[in-house]
Amino acid sequence: MEDKLQNLTLNGNQKRSNYISWDEYFMSIALLSAMRSKDPSTQVGACIVNDEKKIVGIGYNGMPNGVSDDDVPWGKESVNELENKYLYVCHAELNAVLNRNEAHSRGCTLYSTMFPCNECAKVIIQAGIKEVVYHSDKKNRTASNQAAKYLFKKAGISMRKFTPTNRTITINLN
């Protein structure tokens, strides 16, 4: 049997070449997770991956477990801070860390559809994540964003903007 394997030929059979990259795969998981968010204005998803390319945690922005999505405000422009979503919503990155399926996330990579805020940056650092790959950095001029970048730099966490390939991925659930 071993002799037959030594003489094994591919006979022109090759793997397909148009498969998605790991970055595309994990960012797609983050984008799909964002679709679970009930937030009417901002949907964010996150996916934590270990160095073996296995998913360790997934999250999206939403209300804490046990709090009905119907019992809290989803607006963001009320004069009364208690009537805005910001005091209630758990961010996708926080949920990905809290919902992880392994004991730790040391050395992992976090894929996020939006660059993390400073509060999530602290959680990411404490969780031992080594790299953040983000899709959008639309809030890059905010103090929160600048503080997050500063914290990541000081903690030695690499930050990388996801490079889209102009590929369209369609999931048909019919």
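Every residue, even glycine, has its Cβ placed from backbone N, Cα and C.
Database features (TrEMBL):
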DOMAIN    21-147  domain 'CMP/dCMP-type deaminase'
BINDING   HIS91, CYS117, CYS120  Zn(2+) binding site
ACT_SITE  GLU93  active site, proton donor
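TrEMBL feature annotations superimposed on the structure.
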residue : record                    : CB count, 10 Å
HIS91   : Zn(2+) binding site       : 22
GLU93   : active site, proton donor : 34
CYS117  : Zn(2+) binding site       : 20
CYS120  : Zn(2+) binding site       : 26
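Confidence in the domain 'CMP/dCMP-type deaminase' (21-147), given as mean pLDDT, stands at 96. The Zn(2+) site is defined by HIS91, CYS117, CYS120, and by the 8 Å test on Cβ atoms against their centroid, the other residues of the chain that qualify are ALA92, GLU93, LEU94, PRO116, ASN118, GLU119, ALA121, VAL123, ALA148. It is 6 Å from the Cα atom of GLU93 (active site, proton donor) to that of CYS120 (Zn(2+) binding site).
Residues in the domain 'CMP/dCMP-type deaminase' (21-147) partition by DSSP class (helix H, G, I; strand E, B; coil) as 40 helix, 25 strand, 62 coil.
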